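The Mn(2+) 2 binding site annotation in Swiss-Prot covers D15, S65, D439, H440. The active site, phosphoserine intermediate annotation in Swiss-Prot covers S65. According to Swiss-Prot, the substrate binding site annotation covers H126, R156, D157, R188, R194, R258, P259, D260, R261, K331, on the basis of sequence analysis. The annotation Mn(2+) 1 binding site is assigned in Swiss-Prot to D398, H402, H457 on the grounds of sequence analysis.
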Amino acid sequence: MAEAPIAPVVLVILDGWGYRPDTRANAIAQANTPIMDSLIAAYPNTLVNTSGKDVGLPKGQMGNSEVGHLNLGAGRVVPQELVRISDAIEDGTFFDNQALIEVCQRVRDRRGKLHLIGLCSDGGVHSHIDHLLGLIDLAKLQGISQLCIHAITDGRDTPTNEGAHFVQQIQAHLEKIGLGRIVSVSGRYYALDRDRRWDRVEKAYRVMTEDGVGDGRSAAQVIKDYYASDITDEFIPPTRIGAGAIASGDGVIFYNFRPDRARQLCYALVNPSFDGFPRERIQPLDFVTFTQYDPALPVVVAFEPQNLNNILGEIISRQGMKQFRTAETEKYPHVTYFFNGGLEQPFAGEDRELIQSPMVSTYDKAPQMSAKAVTDAVCRAMEKGIYSLVVVNYANPDMVGHTGKLKEAIQAIETVDLNLGRLLASAAKVGGTVLITADHGNAEYMSDESGNPWTAHTTNPVPFILVEGEGRKIPGHGGEVKLREGGKLADIAPTILDILQLPVPAEMTGKTLIDQPLVEIKANRTPVNLSR
């Protein structure tokens, strides 16, 4: 007799779906969302925090997808690289970092140039300008004679036209210490693509590596001139400011601390088997990255990764259970690499399906993105009846929210709501329990008080909804399930283990969001098959 299909726990991550009571510029509140509205009216729900110290960031710092998925998968507050590096600068250990000192020494001995590449803003999502200023000070202390800055402008995790201000801040610091120059600028749309759009990356690569000089304008003036043509920070074309191309014998420090958007440019610069576009590999080239972008890259890492043990995916695997992860291209690393604590390889029994994102310049041109295909993949996985845990990310609220286009963001929200209905119907057929949440806010705040487009994340909380499978009750919790208030993303993995009747390891300092019953109920904590 065939085994009954497994009724999975399905974790649905609505990327960028925050909660904000004010409906002004709120794509979520203004959208027609009958599915989410009915869930909030009928099922246990609460709000969880996704920013600041609740996710391992500085107080008041907005969360992001990497941080959110790390905390979701780890079941604990994970200290973030932003804090780790900032603390090192503050306590002085940054200036003793062996990887940074050695690249400076080799460049100095060869009388080469030291190049600093990274996102120039205080957004704190992929980088921080204070880290660049710290590197400039380090170069001065180490006796570097030629320092070249390749500035990547933001406009996504910061307001759309602050790039000129940031490069002026950098230029002032260079002049103050008497070292260095900004030699190129490029919008992150080009230099930090993560969807294998190599034509974009190539433009940034050429400006950084091919000889040339500017036209005499400063970096700030170049950026301001682009503003006058309605080109904002994210989309500034790669532009040469002055002499200082990356060449044989030079050294590079890539100071983004978040890997996903730094990888492709790194591949082009150092990967011997790179084939994204024609280029001659620059050798020798000493290359340091702030954090580990990819274990296969031939680079030196300044801040080695933190090891996270007993995370959710590992526990599920160790129990002999199968799990499934899916998302479209833009968020695929988040449900795999980041959810697994920075591990590239899947755990035993972990299956993955990558859905291609639409090939458009910006996602306001396709607000539906690939939500339908993502839902199809989830439904197929659940129907197999073999997975105890399913993790899915819907990218639409975040990726369309980043465009600052309210009308299109509303369409994105309505697309996700429609597909959520399909997912829930499929889960109901197999008795699955569905947990719906988000990794951070975004689409609930599309413009500031002055009406200017807001393209960054927010510090708002996000919903958490628990939809029990029909006829199912959460083991060990008696009758009606109630969720507690004041939770955070780190509490969701312990909640999943609670539902699956698996013990929560000591490393998981998060606490289940399910309120404990007043009367203790003795429950069999042996893993169970939640089949019908």
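Backbone N, Cα and C atoms are what each Cβ position is placed from, and that goes for glycine too.
Annotated features taken from Swiss-Prot, shown on the structure.
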residue	record	Cβ neighbours (10 Å)
D15	Mn(2+) 2 binding site	27
S65	Mn(2+) 2 binding site	28
H126	substrate binding site	25
D157	substrate binding site	21
R194	substrate binding site	16
P259	substrate binding site	24
D398	Mn(2+) 1 binding site	30
H402	Mn(2+) 1 binding site	24
D439	Mn(2+) 2 binding site	31
H457	Mn(2+) 1 binding site	30
Checklist entry - What does DSSP say about S65 (Mn(2+) 2 binding site): helix, strand or coil? => result helix
Checklist entry - Which residues in the same chain, at least 6 apart in sequence, have a Cβ under 8 Å from the Cβ of R261 (substrate binding site)? => result H126, R188, L192, D193, R194
Checklist entry - C-alpha of H402 (Mn(2+) 1 binding site) to C-alpha of D15 (Mn(2+) 2 binding site): distance in Å? => result 11
Checklist entry - Where the distance is taken from Cα to Cα, which of the binding-site residues D15, D157, P259 turns out closest to H457 (Mn(2+) 1 binding site)? => result D157
Item to check | Euclidean distance between Cα atoms of D157 (substrate binding site) and H440 (Mn(2+) 2 binding site), Å | outcome: 13
Checklist entry - Can you list the residues of the same chain, besides D15, S65, D439, H440, whose Cβ falls within 8 Å of the Mn(2+) 2 site's Cβ centroid? => result I13, G16, T50, G63, N64, G68, H69, K331, H334, N393, D398, A438, N442, H457
Next on the checklist: Around the C-beta of H440 (Mn(2+) 2 binding site), how many further C-beta atoms are within 10 angstroms, looking at every protein chain?
Outcome noted: 29
Checklist entry - Inside 8 A of the center formed by the CB atoms of D398, H402, H457, which other residues of the chain have their CB, for the recorded Mn(2+) 1 site? => result D15, G16, N64, S65, R156, P397, M399, G401, H440, N442, A443, T455, A456
Item to check | Cα-proximity to D15 (Mn(2+) 2 binding site), 10 Å cut-off, over binding-site residues D157, P259, D398 | outcome: D398
Item to check | Of the binding-site residues listed as S65, D398, D439, the one whose CA lies nearest the CA of P259 (substrate binding site) | outcome: S65
